[in-house]
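So that you can see what the record holds, here are the features copied from TrEMBL:
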- 40-64: transmembrane segment (TRANSMEM)
- 55-303: domain 'G-protein coupled receptors family 1 profile' (DOMAIN)
- 73-92: transmembrane segment (TRANSMEM)
- 112-134: transmembrane segment (TRANSMEM)
- 154-176: transmembrane segment (TRANSMEM)
- 211-239: transmembrane segment (TRANSMEM)
- 251-274: transmembrane segment (TRANSMEM)
- 286-305: transmembrane segment (TRANSMEM)
Amino acid sequence: NIAFNSFSSRHIGYMEAGNHTRVSEFFLQGLSDNPELQPLVFGLFLFMYLVTVLGNLLIILAILSDSNLHTPMYFFLSNLSSVDICFISTTVPKMLVNIQAHSKDISYTGCLIQVYFFMIFAGMDGFLLTVMAYDRYVAICHPLHYTVIMNPRLCGLLVLMCWFIIFWVSLIHVLLMRRLTFCPGTEIPHFFCEVVQILKVACSDTLINNIFLYVSTAILGVFPLIGILFSYSLIVSSLMRISSAAGKYKAFSTCGSHLSVVSLYYGTSLGLYFNPSATHSSQSSIGSVMYTVVTPMLNPFIYSLRNKDVKGALGRLHNRGALCP
C-alpha cells in the first residue's frame, strides 16, 4: 500500500498538505499548440530576447561610460534598462526552454517565483516611468533649482522607495497564492504564470486574492499613471506660459522619448486588463507579449533614436571599442 500510494502521488503529480491538495506542477498552454509553428516561435522570441538584453546593456554602458550622462534623468534611465532586462528574463527563457524540450510543465515553486519576480519588475517599470515624469517636471518647471531638488540622495531614495513598495506588494501576492488549492493537471492558459490566469484556474475561494489584486493594480498601475498624467499636466501648463514656439519645442523635446515609452507600456498593459474582450486566452497572450517582450525590446531604440545625448554616447562608446585591440 505504501509503495502504491507513493507511485500514485508521483504519477498524478500532486502532494497532500493536511486536508488540502497542492499540485507539484502546472502546465503552461503557451502561444501555440501547432508543432510546425514551434521553431518559428522559438526563433522569434530568442531574437527578441537577445535584442532586448543587448540593447538595454548598451544603454547602461553608454550612461556609465559618459560623464555627460551622469544626471538624474539618465540615472533613472539606466535603472529602467536594468529592470527591462530582468523583466523579460522572468518569462521568455522558461518559455524557450519548454519549446526546446517539447514540454509545457513548470513546477509549483517555479511558478510562484515567476509570479513574484514578474510583479516586481512590472511594477518597477511603472514606478520608474512615474519618477522619470517627475524628473521632467522639475527640469522644465523649475530649471534653476533642478540640481538642488534632484540631488543624488533624493534620486537614490526614490528608487529605494519604489523597490521597498514593490517588494512587499509582490510578497503578499505570493503568500496569498500559497493558500490556494489547485486540481491535479491544472493548465494555465498563458505562456507564463500570470496572476489573473492562475486565480481563474484555482479550485479554492479566491475572494481575498482578487481583492488584493485590485488593490495592487491601483498601487502599481493606476496611481503611477495618475502621477505621470499630473506631472505632464503641470508641464503643459508651464509651457503655455512660454511665448516663443522654439522655446516650447526645446523644453518639450526632452519629454519625447519618455512619452513614447509611457504610451507603449501603459497602452498595451491597461488595454489588456481593462478590455473585456481580452479575457480570451489567445488575446490575453498576445497582449501580454506586447508589454512583457515588445516594450522592453523597443525602449532602447526609442531612447537612442530620439535622444541626441544617448546617440552621441553610443557613438563614443563604439569608437572606444573600435580603438581597442
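Cβ coordinates are placed from backbone N, Cα and C, and glycine is handled just like the others.
Predicted automatically and left uncurated, TrEMBL annotations should be read as such.
Given the structure is predicted, the values throughout are model-derived calculations rather than measurements.
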Could you pull out which residues elsewhere in the chain have a CB under 8 Å from any CB of the transmembrane segment (40-64), counting only those six or more residues past its ends?
31-32, 70, 74-75, 77-78, 81-82, 84-85, 88-89, 92-93, 95-96, 99-100, 293-294, 296-297, 299-301, 303-304, 310, 313-314, 316-317
Using a Cβ cut-off under 8 Å, which residues of the same chain at least 6 positions beyond either end of the transmembrane segment (73-92) come close to it?
45, 48-49, 52-53, 56-57, 59-60, 63-64, 114, 117-118, 121-122, 124-125, 128-129, 131-132, 135-136, 139, 155, 159, 191-192, 254, 292-293, 295-297, 299-300, 303, 309-310
For the transmembrane segment (211-239), which recorded stretch in the set 112-134, 251-274, 286-305 gives the largest number of Cβ pairs separated by under 8 Å?
112-134
Whole-number mean of pLDDT values that fall within the domain 'G-protein coupled receptors family 1 profile' (55-303):
87
